[in-house]
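Here is what TrEMBL records for this protein:
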- 18-86: domain 'HTH gntR-type' (DOMAIN)
- 84-110: region 'Disordered' (REGION)
- 101-110: compositional bias 'Basic and acidic residues' (COMPBIAS)
- 108-168: domain 'HTH tetR-type' (DOMAIN)
- 131-150: DNA-binding region (DNA_BIND)
Amino acid sequence: MVSEREDGRGVLVRVSGEAPYRQIVGQIRGRIESGRLRPGDRVPSARQITAEWGVALATATKVLAALRTEGLVTAVRGVGTVVADRTPAPAAPPARRERRPRAEPADTTTRDQVIRHALALADAEGLDAVSMRRLAAEHELPTMGLYRYVRGKDDLVRMMVDAAFAEAPLPSVPPRGAYAQLELAARHLWDIFRRHPWLAPTMSITRPEFAPHGMRYTEFVLAALAPLGLPMTEMMHVNISLFGFVRGLAMGFETEAQAAQHTGMTSDEWMQRQGELFGGIIGLGGFPMVARIAEIDDFDLSLDAVFDYGLPRLLDGLLRRAPSTTDSVKKVPFLS
């Protein structure tokens, strides 16, 4: 690696005898101090650092940790690592911004702290940003020292999944009726996936994570179906269909977070830039129905809108198959 560093004006200067990660820290610090990177701007991610400076991922991780220690950057959920706002606080303290909590010192580290720290990292930067090496470094532990708390990455992810579900338990006294209970469960799951964009892609229908708090969701859904007289096999199919619908849409949270981080554009901004390409393809002919999409003035393509549209229709269809008539199925306009 070339031993050069940007000074405060963004000029490369020669450095000798300095560790590679310190050289990169100096360059990024120079961009911040020169104003090229302003508060709220994204700094290079760990993977971008490896590509730009040709270093290992562990070195890139060390760079970001050092910048956080200096107070130059902070992690923001769904965005990544950004330049911290270091302006003096006013006399009346403003509302606190949500920040990823810093790691606890090694001598006070507990398993719960490791899991919460991993959860915050995944929320801010994605699950790929969570590694045993990085967690150990940020807790000032040797990498092998982290295995006192978790057996490995798979074990850590399982505990992260359980912790995510534990944050907001389902009510002990559910609303009356299967429809209301299933709707509550689905919206509860949707909110969990929204808070933790990495979670939906992590979970599997064919290889479920057996986490106690996650299993309470399944218990809640099956208990809602129990009075309807369905055989257990069909109850499980209803449970999996509902979970699959919510999870399938929620996977878009992580996709959108990554796309926003890589492109610097919101989904609306991205769609606006695709207008010329869309028009060119339509102009080729052969898409009369797709062309009519352009006639819609206010079509909401947000994940929330699609979820709100699909959930009542899915529930109505699923519950109409139940043999029991004791549960009143909510009517929706398109089926009435």
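Keep in mind that glycine also has a Cβ here, set from the backbone N, Cα and C atoms.
The domain 'HTH gntR-type' (18-86) scores a mean pLDDT of 83 in the predicted structure. In terms of DSSP helix, strand and coil, the DNA-binding region (131-150) has 13 helix, 0 strand, 7 coil.
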